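Asks: Dumping what Swiss-Prot says about this protein:
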{"type": "BINDING", "residues": "GLY73, PHE78, ARG139", "note": "S-adenosyl-L-methionine binding site"}
Amino acid sequence: MTEKLKQGIDQLGLKVPETIQQSMLAFLAFLQKWNQAYNLTAITEIKSMITHHLLDSLSILPYLKGDKILDVGSGAGFPGIPLAFACPEKKFTLIDSKAKKTAFLLQAASRFKITNVTIIQERVGSYQPGFYFDTITCRALGSVREIMEQTNHLLRPGGQWSIMKGTYPEKELRGTDASAIVHVLNVPGLKAERHLVEVKNNKG
């Protein structure tokens, strides 16, 4: 599994220290254990988790902007946890409304000493942190328009939404901000289509 992750990270063109890669794998094992009782993810094998969770999450790393990142509907911690492992200089806030998921994330952050993450249990529409985020990201959570509307109060002017999608979201992009850019994500070992929708926040 170590080699599978290393090869995938190399194929993504990323530089992640081996010690951090080992921590990522340990996190997956921790998730697998919790998943037996709390049903946090439908993917149960470590080999598949590496592809569908770790590498999929890390594929958006080159597109992150700024130092304050919000991961909306983080669930079992994707993409937020892998990105936090890989970018210790950035501050990540992971928000989810479900108690069992935030309980897992709190335990994981403590166990693996992920000091650059903050875990919030709350609906994102009600979240008022008192500051703006530079990038808001999410995976498998609502339409592009819905995500933008629910989080508009949290993104700084000039900041960006980085929304992970499967197939090209043509219908979702109709009527959204004209500055939307769609990147094709090539996730090593993943045959399914993956895209990243980038939308700049033009509010002044």
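All residue numbers here begin at 1 and follow the chain in the order shown.
Keep in mind that glycine also has a Cβ here, set from the backbone N, Cα and C atoms.
Quick caveat, the model's predicted, so the values are computed rather than measured.
Thinking about packing and proximity, how do these listed features fit into the structure?
Replies: Contacts of PHE78 (S-adenosyl-L-methionine binding site) defined by a Cβ separation under 8 A and a same-chain sequence distance of 6+ are given as HIS53, ASP56, SER57, ARG139, in order along the sequence.
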Asks: Excluding GLY73, PHE78, ARG139, which residues of the same chain place their Cβ within 8 Å of the centroid of the Cβ atoms of the recorded S-adenosyl-L-methionine site?
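Replies: Here the nearby residues are ASP71, VAL72, SER74, GLY75, PRO79, GLY80, CYS138, ALA140, LEU141, MET164.
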Asks: Which residues does GLY73 (S-adenosyl-L-methionine binding site) neighbour through Cβ under 8 Å, counting only same-chain ones at least six apart?
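Replies: For GLY73 (S-adenosyl-L-methionine binding site), the qualifying residues are ILE95, ASP96, SER97, VAL124, CYS138, ARG139, ALA140, LEU141, GLY142.
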Asks: Please give the greatest C-alpha separation between any two of the S-adenosyl-L-methionine-binding residues GLY73, PHE78, ARG139, in angstrom, as a whole number.
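Replies: Of all Cα pairs among the recorded S-adenosyl-L-methionine binders, the widest measures 9 Å.
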